[in-house]
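Below is one structure, written out as structure tokens; comments come after it.
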Amino acid sequence: MGANEDQEMELEALRSIYEGDESFRELSPVSFQYRIGENGDPKAFLIEISWTETYPQTPPIISMNAFFNNTISSDVKQSILAKLQEAVEVHLGTAMTYTLFEYAKDNKELFMENHHPVHSATSISNIISVETPNTAPSSKKKDKKEQLSKAQKRKLADKTDHKGELPRGWNWVDVVK
């Protein structure tokens, strides 16, 4: 079988295995993401696997550059990627995307044992600046809401349905005149 046939078969298998699994996401027919760990888990991480043209004879591209992984130090990321590369070498020539995701799930604690959440140098509280108004609040003019006359309100009510929405096709243009 050629590389494309192997990829098509693996793609079908992945879609059927992970159907309904919210941790799995297919970015494209040759690129997949899987979240290892639960949503609120501080040791959760995201793995992205992209197939090359000649996959599975050549290794896939494994990445942890997703925004989800910003709290993980680069040392821990490199460690995880190195362990996944070892698994890739063992399974080279076979469909391995599912195997890699399962390997990462099974060894999550081992991968994240040296993990200490990293916070970026500028926290959100440093980014947001509080501005104080220069004028006293009493001198501020309040914006007045536009008042409609009874005739204007009636005309507006005639154009809309009981929910206040315009009827379907109200802005259509006559094609034939």
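Glycine residues also receive a Cβ, built from the backbone N, Cα and C atoms like all the rest.
TrEMBL does not curate its annotations; it predicts them automatically.
Residues annotated as compositional bias 'Basic and acidic residues' in TrEMBL: 155-166. Remote same-chain partners of the compositional bias 'Basic and acidic residues' (155-166), defined as residues 6 or more beyond its termini with a Cβ less than 8 Å from a stretch Cβ, comprise 148.
Annotation comment: TrEMBL describes 9-111 as domain 'RWD'.
Per TrEMBL, the feature region 'Disordered' maps to 132-167.
According to DSSP, the secondary structure content of the compositional bias 'Basic and acidic residues' (155-166) in residues is 5 helix, 0 strand, 7 coil. The DSSP breakdown of the domain 'RWD' (9-111) into helical (H, G, I), extended (E, B) and coil residues amounts to 44 helix, 20 strand, 39 coil.
Confidence over the domain 'RWD' (9-111), given as mean pLDDT on the 0 to 100 scale, stands at 85.
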